[in-house]
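Features reported for this protein in TrEMBL:
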type	residues	note
DOMAIN	55-470	domain 'Major facilitator superfamily (MFS) profile'
REGION	1-22	region 'Disordered'
TRANSMEM	55-74	transmembrane segment
TRANSMEM	94-114	transmembrane segment
TRANSMEM	121-140	transmembrane segment
TRANSMEM	146-169	transmembrane segment
TRANSMEM	181-202	transmembrane segment
TRANSMEM	214-236	transmembrane segment
TRANSMEM	285-305	transmembrane segment
TRANSMEM	325-344	transmembrane segment
TRANSMEM	351-371	transmembrane segment
TRANSMEM	377-398	transmembrane segment
TRANSMEM	410-432	transmembrane segment
TRANSMEM	438-462	transmembrane segment
Amino acid sequence: MRFFNEKANASPASSLDHANDRDYPHTNEYDDDLHVECPPHTTERKLVRKIDIHVIPCLCIMYLLAFLDRVNIANANVYGLAKQLHLTGNQYNVALVIFFVPYVLFEIPSNLLLKRFKPHVWLSLNMFLFGFTTIMEGVVKNYSGLLAVRFFLGVFETGMFPGAFYLIGMWYRRSESQKRFSFFFASTTLSGAFGGLLAAAIGKMDGVAGYAGWRWIFILEGCLTVAFSFVFFFTLPDFPEESKWLTSEEKDYVSARLRADQGRSARERQITAKDVGRVLMDYKVIAAGFMYFGLIVPAYGYAYFAPGIIKTYGYSAIQTQLHSVPPWVAAFGFAMLTATLSDITQKRAPFAIGCICVAIAGFAILITVHNNGPLEYAALFLVAMGAYSAMPIIVCWFGQNLGGHHRRSVGTAWQIGFGNIGGIIAVWAFLAKDAPKYVTGYSICLAFTVISIIACIVYGVGCWAANRRRDRTPVDIGLTEYEKTEMGDMNPEYRYLL
């Protein structure tokens, strides 16, 4: 059998990426002299497939339902939510924005709690709570009640996205990750498509049991989430070291292959306030936050307002819901295509920037064309395809470039938490007074996509410069394995994906 020494190469572009049945080191806490073989009863390819089956579907369904419960208010509004609750002026926008207050503030604390509790406990608990909150959204009687449920929806959903991304990052090597991240993130596009179809069907229940059709959207979709939360308590994956569906040999092997690619995880060590401070002092981490921040504005602008925009093209309520589906489906296909090409080429920056340019093209059309419904509708395809394909690449690129539990936990939560401040901007970009042209909203979205491109360039140049500097520095500078673990991706042996 052939062996791989993790000290010899910490780069994703290693011989590790070109073998499916190879042995990797597994040591007692910080000893690199021992090696572990791939268990004789399996191969790396089969083991990764086993991980795929247990990890990805659960997280995809979980986030599909989370995003559905978050944005179904847009579908409900098409059926008269604002009118029946007597919302005036910008009160609908306020109901949207209040969701983001706790959603932004509690991202990092939620990831710290995810590490303290087991993921299947923390994520399924929050899933039950935001599903129940969605049900309550269907029985609100006034504006105050709507604000209350939207606030608590933000509280309980705050950990879903960064928690799932963090968890996926602790299972897969960087060379394997982009397709899986994008498939997970594409659950948002499937959620949009699924939500439109559901809303078209549920809207026909108007008047059943004395409830308006928009109320049934919240009630039924919330009940679906609650039901799945009980299932996911038993099926959601934990970290590799804690999984019950891997043998001890398989756990050793999975941990070793990740250490060879990303360095040791420091799973056993608690995250401290100093850890948080050290991570946030890295300018690349700040740039990564702006990469995501710049895309959140157009992404949420589309998610919350696309049904209303499509309705201005002259469609009925049900036709509007059905016409909201195709752009989401196209976004899913485009996201998976770019993710596959990104994994094949092992490049992130070109695909992230390219996808953002697709979204920019869509907004350019929407800003300049106002009397051609088919062309404006086609531009929505470009917006959805560009924004929702670039976002998973950006988050995966940054998340997988972070080494170790503490840097990845804090870094991913920072990127998602700071980035979601853009959601607050997005809900104020499209005001009723600007309909049907929404030039202001489209212009704001266009400006923020440019911010995202600039941040991508800053982050990419920073990673390239760090790799070049480390290539010129002697690899063996006397660091202990403990010190390398503490440094994470700041370890001089570590190399960033570009």
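Each Cβ is built from the backbone N, Cα and C atoms, and glycine gets one as well.
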Using a Cβ-Cβ cut-off of under 8 Å, list the residues of the same chain that are 6+ residues beyond the ends of the transmembrane segment (377-398) and lie near it.
165, 177-178, 181-182, 184-186, 188-189, 192, 288, 291-292, 295-296, 298-299, 302, 306, 309-310, 313, 323, 326-328, 330-332, 334-335, 338-339, 342, 348-349, 351-353, 355-363, 365-366, 369, 411-412, 415-416, 445, 449, 452, 456, 459, 497
On average, what pLDDT score does this prediction assign to the domain 'Major facilitator superfamily (MFS) profile' (55-470)?
90
Which of 146-169, 181-202, 438-462 contacts the transmembrane segment (285-305) most, counting Cβ pairs under 8 Å:
438-462
Does the transmembrane segment (55-74) make contact with the transmembrane segment (181-202) through 3 or more Cβ pairs under 8 Å, each pair 6 or more apart in sequence?
yes
Could you tell me what the rest of the chain brings near the transmembrane segment (146-169), counting residues at least six beyond its ends with Cβ under 8 Å?
55-56, 59, 62-63, 66, 69-70, 73, 85, 87, 94-96, 98-103, 105-107, 110-111, 113-114, 119, 122-123, 126-127, 129-130, 133-134, 136-137, 140, 177, 180-181, 184, 237, 239, 395-396, 399-400, 402, 408-409, 412-413, 415-417
Determine whether the transmembrane segment (410-432) and the transmembrane segment (181-202) share at least three Cβ pairs under 8 Å, counting only pairs 6 or more apart in sequence.
no
Quick test of the contact rule: Cβ under 8 Å, at least six residues beyond the ends. What residues does that give for the transmembrane segment (121-140)?
62, 65-66, 69, 72-73, 85, 110, 113-114, 146, 148-150, 152-153, 156-160, 163-164, 211, 215-219, 221-226, 228-230, 232-233, 236
